[in-house]
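Presented below is the structure to which this report refers.
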Amino acid sequence: LRTATYFFIFLNLSLAVFEEPAVYPLPFLVTSLVEVLCLLVFFGRLTHFAKVTLRNVFWKDTKNICIMVAILLCLTDLAIYGILRIYNVKSIRWSRIVRPIFLINFAESRQIRRAFRSIRNTLPEITYVFLLFMFSLLMFSLMALKLFGERNLQTAEGLPYFKNYLEIVFDLYVLVTTANSPDVMMPAFDFSSWYALFFIAFVIINTYIFMSLFLAVVYNNYKKHLKVMFGGVNCD
């Protein structure tokens with residue numbers, strides 16, 4: 001039963017690869033039948049839990065409630081999507097975000113729940129570092145708007161460079177991740193090499209300091225909660 005549960009959870013999560021918009025699209029009838037089969041297996045597994053568990057214990061367990069609600073949401077979304085598809089009305093499968101609930105809440109997924117609980121307990125403690133990073137990003141974006149916004153610079157595609165504040169925030173966030181970072185900096189550098197100082201200061205403060213600090217806080221707090229959860233066992 002445990003192997004079967006894992007298999008159908010994996011199959012249910014894999015449907016996102018084959019449903020529209022999909023990497024390898026399959027007919028809607030095929031994916032919907034597979035999803036209904038998975039939901040029937042989950043419901044059967046839940047019924048089995050109910051048979052071997054005291055009724056008051058079963059209904060007090062939030063994991064069982066979450067699984068039932070997830071099954072109902074998935075069936076409702078599938079029915080609505082199918083009806084709209086018959087009338088050629090375009091819609092989306094919003095229940096996809098519900099599917100990981102099955103992975104977390106079945107009794108077989110105890111270790112996954114522990115890891116998830118550690119992540120959940122870690123989030124409030126990293127909020128201050130995240131807010132400080134966002135404040136730095138917003139301030140640098142404001143400085144970039146004042147520095148470059150009135151110089152009529154253009155990107156390599158001929159688009160206005162650093163004219164819109166929200167677009168600047170996104171571009172500087174891309175620069176923090178070091179993805180396509182030359183594309184963010186080169187229009188300003190081509191105008192004046194002195195502007196490189198702005199981006200050097202930004203990268204040092206946000207990429208090398210804040211990102212390292214953020215990673216350290218996440219790791220230390222996650223390890224602390226994981227150690228408490230396992231009763232003081234060394235988690236290194």
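Each Cβ is built from the backbone N, Cα and C atoms, and glycine gets one as well.
Predicted automatically and left uncurated, TrEMBL annotations should be read as such.
Pulled from TrEMBL:
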DOMAIN    6-224  domain 'Ion transport'
SIGNAL    1-16  signal peptide
TRANSMEM  26-44  transmembrane segment
TRANSMEM  65-84  transmembrane segment
TRANSMEM  126-145  transmembrane segment
TRANSMEM  165-182  transmembrane segment
TRANSMEM  194-219  transmembrane segment
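For the transmembrane segment (26-44), the list of distant contacts is 4-5, 8-9, 11-12, 15, 18-20, 67, 71, 74-75, 78, 82, 85, 102, 106: same-chain residues at least six beyond its ends, Cβ to Cβ under 8 Å. Cβ atoms under 8 Å from those of the transmembrane segment (126-145) belong to residues 162, 165, 168-169, 172-173, 176, 198, 202, 205-206, 210-211, 213-214, 217-218, 221 of the same chain, restricted to positions at least 6 beyond its ends.
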